[in-house]
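J.: From TrEMBL, here are the annotated features:
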- 156-337: domain 'VWFA' (DOMAIN)
- 14-73: repeat 'FG-GAP' (REPEAT)
- 83-143: repeat 'FG-GAP' (REPEAT)
- 347-398: repeat 'FG-GAP' (REPEAT)
- 458-519: repeat 'FG-GAP' (REPEAT)
- 521-579: repeat 'FG-GAP' (REPEAT)
- 583-643: repeat 'FG-GAP' (REPEAT)
- 1133-1154: transmembrane segment (TRANSMEM)
Amino acid sequence: DQVPQQLLLFTLLLLNPRIIKGPKQAQFGYTVQQHVAAGGEKWLLVGAPYEMNGPYQTGDVYKCSLSRRTNGNGCSKLNLGRISLTNVSERKDKMRLGMTLTSNPQDNSFVACGPLWSYECGSSYYSTGICSRVNASFKFSRTIAPAFQRCETYMDIVIVLDGSNSIYPWYEVQAFLINILQKFYIGPGQIQVGVVQYGEKVVHEFKLSDYKSVEEVVKRARSINQRGGEETNTALGINVARSQAFKQGGRRGAKKVMIVITDGESHDSVDLQQAIEDSEKDGITRYAIAVLGYYNRRGINPEAFLNEIKYIASDPDDKHFFNVTDESALKDIVDALGERIFSLEGTSTNGTAFGLQMSQAGFSAHNVEDGILVGAVGAYDWNGAVLKETRQGKVVPPKSSYTQEFPEELKNHGAYLGYTVTSVVSARNGRLLVAGAPRFNHTGKVIIFTLKNSGNLTILHSLKGQQIGSYYGSEIAPVDIDGDGITDNLLVAAPMFFSGGLEKGKVYIYRVTELNRFVLEGALEIHNGGQNARFGSSLAPVPDLNGDGFNDLVVGAPLEDDHKGAIYVFFSQHNRILRKYKQRIAAADLAPGLLYFGRSIHGTMDMNNDGLVDLAVGSLGAAVLLWSQSVVRIYTTIRFEPSKVNIFVKDCQRGGKDVTCMSAIVCFNITARTAIPPTQEIGIKYNVSIAERRFNPRAILDNPSKLQPQNLTLFPGEETCDHIYFHVMETTDYARPIVFSAQVGLQDPADGPVLDESWPTVVRTELPFWNGCDEDDRCIPDLALQSMTDLMTRNQFCVQPVQSRGAFCRHLSEGGAEGSLRVIEGNRRRMVVDVRLENKGENAYNARLNITYTPNLRFSSLIVKDNSDIKIECFIEDKLRNEKICNVSAPFMRAKTQVSFRLEFEFSHTVFLQHVRVVLEARSDGEEMSTADNFNDIYYSLKYEADLLFTRDSNPTRYEIKSDLALEEPGVIGPPFNFTFQIQNLGYFPVKDLQLNIEIPEMTKNGNQLLQISDVYIDQVNGTHCLPPQHVAQSRASPEDLSRFSRLNRSNTLTLPIQCTVTVASYREIAVRITGALRIDTLHTLKFKILELGTSASVELPSSSPMFLHEERPVRHIILEIRKEGDYRIPNWIIIGSTLGGLLLLALLILALWKLGFFRRQKRRDKDEQEANGKVAEER
């Protein structure tokens, strides 16, 4: 049995996780944050954005105690949903407080945000979002709402009513008052209304701050009675409203609106100008309504009255002045007056006002030195924005800051800038802010920018996603791998990255350079089979988990395992995040029922006071705390007594045999890589073995039980040793050392520390033999090589009787140098090298022979000669295609010995070279005095014998011309002919660049064309190049006497040359076929009886060719014989003599037949006999 090795370093303990459960319907576990409160007590903050607070689903944050004494889950709500903004008509329902949660380790405060917090403005609700900062004592500190802006209806309205006696009937005025009040949006942060009634005196019917709703104000208005009075002191009424009514309950920053209703000229008109000027200085917008009932009833001209009312109204009159015929007509201007008052909503000078109304600020948040940075995904029609709030106020960049990276033409895409925000620290520029926009152009974008407190936002860089819908930039995390305070990598997640038809997710890694460049270095991906994962939904850089000095990373995949979820731990090394995860923690391995495990992750501190960083992971309805484990290294050493095996000294006996007895001392020491209590006992398991894979081992333990796993308990920093006794048997294999192996592991790696995976768990130590050479253990061999081949020189080849005296051998007789040239006969397949290796010095340990050869050779065999007891073993390695390494007499070649052997090589079919090279090198582990004779470099330039068979064929071989005068017509083509020349390669090697020259007699010297070539065909495509034949122009035949020539050839005719360059593969043949026809018209004209047309073909190789032919320039001839039919008259004497001779011969023949009785009849008696016998002779 052996100690099992730990293949992966599991630094997070799966046993006994702390699972804190909360209400699932509240989405408890949506966010998690480790937190240190005042006094150093450690808490876990858990966001529950669907938590109820009273009748509203506001969301909340839980603080969970980690004390073991806590009953239940130890969590309590902070009731942050009850916190409100003053003077705001807010709507807290579904504000999702706790959806964003970020802590500030500088002052141990934290910020919780509800991005859907909204408030009422007139008839609209604006979801601007809100955040709450909570101090280290869990006390509410301040509200953060950088997108919040006062409503356009944030107004203080004072109605100045004329209640003098001339107003009649009063209930019409009262009805108007009620109607206009019902138009107002009265409430916190919106409109406040006060009413002043004047006549001779001024009375405050109710103040601005008296009533908070429309219902309350209308109820009070119904009870207002007419005060009466003989005078109408309008200037007094305006002045009291300005100086008193706006100050009694008036709000700072609210728009001031005054509505003056009167039916007559003022009795204190002298004071009116001052009252209006003072109102202008106080910024009061005045609406004036003239009621003409009194004037109309009495027929009085109202011009002076109307001018006074227009003077009271703010400019321009067409927007602020009204007049009605009487009191009953007041109801007709209610809607118009309301519209004009609310038209003030659009008068804001802040260009960003309308764009931030649905900003949802707080969708993400990040602490910076002077405040907090928040993402506002809904700003500017869901293109998004980033805002900052400091103690000095809010920082809102103008919309134009984003237009370069987020152009107007893409505004309908809804980029969601601010979905996540963070920052990186640059060595050159300090802190740079980062924000993600996962829906930009459907592929996502990340921007790196600076933001001044003046609102100046400058985008420095942008990173773009690659896949539509991947949500690139929805999670961003900076990683400082080496802990120097400078960001090394920026991680950008695309959790919806589609791969293999599934949302598997992907995390891109960008290296932050010294020049503030963001260079894509790769990506983190998981191959989890056929399931959705959304890997990258959460990113958590964590401090060093494995003790290697580099910070690490945890990534969440909440949809894995059918939405149960999992997290992945990645280690870093040398400013690089390793691409292969080191630990996968699945929810199914922790507890049943967990869902969406990994939706949020945070791990920055030690939560259980063991000195190790722990991890908090959020899931649906639960928060899980995973405890880190200490990482240790086990240092193992093995030493021997004595330090070497002396096979010449047998100092003990085992089993009746003399052996060499020795001992091995195995020592263990544990060193902690991460925090560990110095008094903690660590149980290790180890076993020691001898790596002897042979039937008869050379070394055997005295106590076989030591081969079994042993247990040992150590304290960190303590060394413990074990003595193991063994003996070495008699052996001839003393060149290779004996290897002892010690394998270590932990007794219970699931509980306690774990081993550092980068540290070996197996230690192998060699025990060498004394080599017997010198006192200093130095053996000095002296290897020497001699070799020769069986390749023929030119002289050896040419003196053979079978060889013709061709050009190749003729050059030898002319005094050609022998040099390094060797001849490869046409039938040769192999090359043999005879080698002798001699060791003239001391033992040569690990003697080996390196054989290197050119690619045109293939190693075939190595055969040892003379029945030598020295063995040579050659090894084949794929990567060494033209090299062989051979061990000679392993483990060593004895002193003063030699071995002869033969190397056989086959020539390659595919590689053809003009030289051959074989390099032999003898080596050993010893250092020789001289290595000059350790090398043999065999190099020859080669000449190859081309073994060709050159033949020819003709169809037809002869032709007779009939004396047919019809054929004498010019241009008549005669019978076809077919000439064929064949070249067959009978040799082992291909023959390249063979020159084939063919000459065909085409025309007589006088220009008569003898034949016509129709086609030249060669049955080979590759390696063939032919020059097209240059035909002569056809001409009319003319008489010419050729009877003096028996054969026409190049000497007496004009020939048609055909030149080809061909390549003939080994054991292949090619044929050149020439087809054409005789020119009968020309041949009829020419004078001859028998004429031979001689076509010749020759082959030759260029002088630069590595091959040569038997004959210098072999020539083959094709003879086509042409005859003419004879036209001769026979003499008369020949005819007469022939006739007489024939008649004489006939007479002699008749005489001979007669002599033989041929002409005689049968006798009579024969006939009588036939008739007597009743027979009738048949006529023959």
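Keep in mind that glycine also has a Cβ here, set from the backbone N, Cα and C atoms.
So that I understand the layout, could you describe where these features sit and how close they are to other parts?
T.: Residue counts for the repeat 'FG-GAP' (83-143) under DSSP, split into helix (H, G, I), strand (E, B) and coil, are 0 helix, 30 strand, 31 coil.
Residue counts for the repeat 'FG-GAP' (583-643) under DSSP, helix first, then strand, then coil, are 3 helix, 30 strand, 28 coil.
With a cut-off of 8 Å between Cβ atoms, none of the residues of this chain six or more beyond the transmembrane segment (1133-1154) come close.
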J.: Look at every Cβ pair spanning the repeat 'FG-GAP' (14-73) and the repeat 'FG-GAP' (583-643), keep those 6 or more apart in sequence, and say whether at least 3 of them are under 8 Å.
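T.: Yes, the repeat 'FG-GAP' (14-73) contacts the repeat 'FG-GAP' (583-643).
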J.: By DSSP, how many residues in the repeat 'FG-GAP' (521-579) are helix, how many strand, and how many coil?
T.: 4 helix, 24 strand, 31 coil
J.: Tell me the residue counts in helix, strand and coil for the repeat 'FG-GAP' (458-519), as DSSP assigns them.
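T.: Residue counts in helix, strand and coil order: 0 helix, 33 strand, 29 coil.
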J.: Going by DSSP, how much of the repeat 'FG-GAP' (14-73) is helix, how much is strand and how much is coil, in residues?
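T.: The composition, in the requested order, is 6 helix, 26 strand, 28 coil.
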J.: Tally the residues of the repeat 'FG-GAP' (347-398) by DSSP class, grouping H, G and I as helix, E and B as strand, and everything else as coil.
T.: 8 helix, 24 strand, 20 coil
J.: Need one number: mean pLDDT over the domain 'VWFA' (156-337).
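T.: PLDDT averaged over the stretch: 92.
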